[in-house]
């Protein structure tokens, strides 16, 4: 029940991965690459890759780095730029053991919608796991006033400093795990002060959802701006995901919302297509964004705890069920979204998502205690 947009646009496999026009400069200097960006030119993937490699190797001065980040933000980033940079960051992750080799899905989005909702994608991760998906949730602390996934989970007793191998092993044990981004991307630590000093969102905020160290084959990725739908879908396609949903929620939410029609890009079998979804068509009652409001850390902990145990308000449970249905579609477990919503609501009603969170907490506590 994924409604096509009025003018559906399909992209064949390889459409986004077709060779980009090469730069007129054989080996451009950093100043020449910066000039390209300032003139609104898109970087070929190879140059985007080189730029990220230079950042990680600390080959650029803080002034150069700030200029590149500002220029990319002003120009608008492309899918090939994102995928090139993401591949470098993925390669820099210190994997403690082989990848699990099982189908898995991530629910990490870009954030930045300013809506200050409760931690919807975090609730969705545990609900999808309770419905049978293997969920590798990638997340971080809040970069703004909003409570991040790491903040709220740590507040509920989840160990963020568990050995990385234990984090991976927990996925097989309880079907869900949480990858605390700073622990897996130490190469980015040196850039953190500069990013904070800029005080604006940069390409790194978009890269977060693309660099899950376990490289899931499926994802539901929320974006706060409609213009990010195509670039993020293109990046996921280039990175080789089998199924994915990139969603921009009604009302500007970086999740599917209950307020109206949600715009989406669906990646399946190498093709990207436009689609939309209205919660009302799935038997859910429409609700304004205010009904999903979060608050400080204590408030968000209380909401997440209540919802995962079958409590909370109807809109809180419904928005989790709606987004869980998208995850089940991406994971290949449920092609009928109405059935996916029903499965999620049943799991919530029975408190099964809370059992997954408790299981993960105990699995990581056990490893810390050894």
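Cβ atoms are placed via backbone N, Cα and C, with glycine included.
A TrEMBL annotation is a machine prediction, not a hand-curated record.
Listed in TrEMBL for this protein:
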type	residues	note
DOMAIN	32-91	domain 'Glycosyl transferase family 3 N-terminal'
DOMAIN	103-351	domain 'Glycosyl transferase family 3'
BINDING	109, 112-113, 117, 119-122, 137-145, 149	5-phospho-alpha-D-ribose 1-diphosphate binding site
BINDING	109, 140	anthranilate 1 binding site
BINDING	121, 255	Mg(2+) 1 binding site
BINDING	195	anthranilate 2 binding site
BINDING	254, 255	Mg(2+) 2 binding site
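Considering only the binding-site residues 138, 141, 195, the Cβ with the fewest other Cβ atoms within 10 Å is that of 141. Across the residues of the domain 'Glycosyl transferase family 3 N-terminal' (32-91), the predicted structure has a mean pLDDT of 95.
Cα to Cα, residue 117 (5-phospho-alpha-D-ribose 1-diphosphate binding site) and residue 255 (Mg(2+) 1 binding site) are separated by 10 Å. Within 10 Å of the C-beta atom of residue 140 (anthranilate 1 binding site) sit 19 other C-beta atoms, taking all shown protein chains into account. Listed in sequence order, the binding-site residues from 109, 121, 140, 195 having a Cα within 10 Å of the Cα of residue 255 (Mg(2+) 1 binding site) are 109, 121. Residue counts of the domain 'Glycosyl transferase family 3 N-terminal' (32-91) by helix, strand and coil are 46 helix, 0 strand, 14 coil (DSSP-based). Note: residue 121 (5-phospho-alpha-D-ribose 1-diphosphate binding site) has non-local neighbours 107, 108, 109, 137, 149, 220, 222, 255, 323, i.e. same-chain residues 6+ apart with C-beta under 8 A of its own C-beta.
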